[in-house]
Amino acid sequence: MLRIAVLVSGGGTNLQAIIDRLEDGTIRNACIRLVLSNNKNAYALKRAEEHGIPAECLSPKDFDSRQQYNKALLKRLQEENVDLIVLAGFMVVIPPEIIHAFKNRIINIHPSLIPSFCGTGYYGLRVHEAALKKGVRVSGATVHFVDEGTDTGPIILQKAVGVRQDDTPEILQRRIMEEAEWQIMPKAIDLIARGKVHVENGRVRIEEEDE
Ligand code: GRF
């Protein structure tokens, strides 16, 4: 059984999608061991508690330095014997020591079709503002492994979502969440939990897609 930690900072709708798919059996062979937030007011923590999942806050504000925080975060994840770290709207930069300790075992969801509208500064509504400004007809979401760069790790799944002429950043954000994020994140976890995802030469190969 794949032991997952979900790291969150805010509303936790992606966390909710993962919980729902675990509960209805769409995600197989996995369980959430821990939901961890850097922000004690994150609604995501409540969602976890409502489903009987251990939830806690680890805030950088409670540490003298970022180095100490990073060390505590790594320790917490290792204590729980986590196999996979899922970044679901976690607004803290993952330090290299955690990336190395969990190589190809950290995944992130980004609300665009990488390599468009990603990298430093592209988060939250900014991603969708940039997509609308460019006038793209299609955007979407990407689940990828996390490496040392920002949104540069191997791509696992992507899903396209149409952009409409009268979209606002908020409307586009919501549609991408509903039609893409909440679907491909649980799907990626299920594939990883069943050992179907392999990283080869910096790219992902998914066994089921070959069949
Ligand atoms: C999502 O838009 C996700 O793409 C981004 O952060 C947001 C998290 O939303 N990485 P939620 O907390 O899951 O509702």
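Just so you know, glycine gets a Cβ as well, placed from its N, Cα and C.
TrEMBL does not curate its annotations; it predicts them automatically.
Per TrEMBL, domain 'Formyl transferase N-terminal' is recorded for 3-189.
Sequence annotations record features per position, and here TrEMBL assigns N(1)-(5-phospho-beta-D-ribosyl)glycinamide binding site to Gly12, Thr13, Asn14. For the recorded site, Asn14 (N(1)-(5-phospho-beta-D-ribosyl)glycinamide binding site), the DSSP three-state label reads helix.
Annotation source TrEMBL lists (6R)-10-formyltetrahydrofolate binding site at Arg66, Asn108. A strand conformation is recorded for Asn108 ((6R)-10-formyltetrahydrofolate binding site) in the three-state DSSP classification. When other Cβ atoms within 10 Å of the Cβ of Asn108 ((6R)-10-formyltetrahydrofolate binding site) are tallied across all protein chains shown, the result is 23.
The annotation active site, proton donor is assigned in TrEMBL to His110. For His110 (active site, proton donor), the same-chain residues lying six or more positions away in sequence with a CB closer than 8 A to its CB are Cys118, Tyr122, Val127, Ala141, Thr142, Val143, His144, Asp151.
Other Cβ atoms within 10 Å of the Cβ of Asp151 (site 'Raises pKa of active site His'), summed over all protein chains shown, number 21. Reduced to three states, the DSSP call for Asp151 (site 'Raises pKa of active site His') is coil. The annotation site 'Raises pKa of active site His' is assigned in TrEMBL to Asp151.
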Contacting recorded positions for ligand 1, chosen from Thr13, Arg66, Asp151 when the Cβ sits under 6 angstroms of any of its atoms: Thr13
Separation of alpha carbons, Asn108 ((6R)-10-formyltetrahydrofolate binding site) and Asn14 (N(1)-(5-phospho-beta-D-ribosyl)glycinamide binding site) (Å): 11
Neighbouring C-beta atoms (10 Å sphere around the C-beta of Arg66 ((6R)-10-formyltetrahydrofolate binding site)): 12
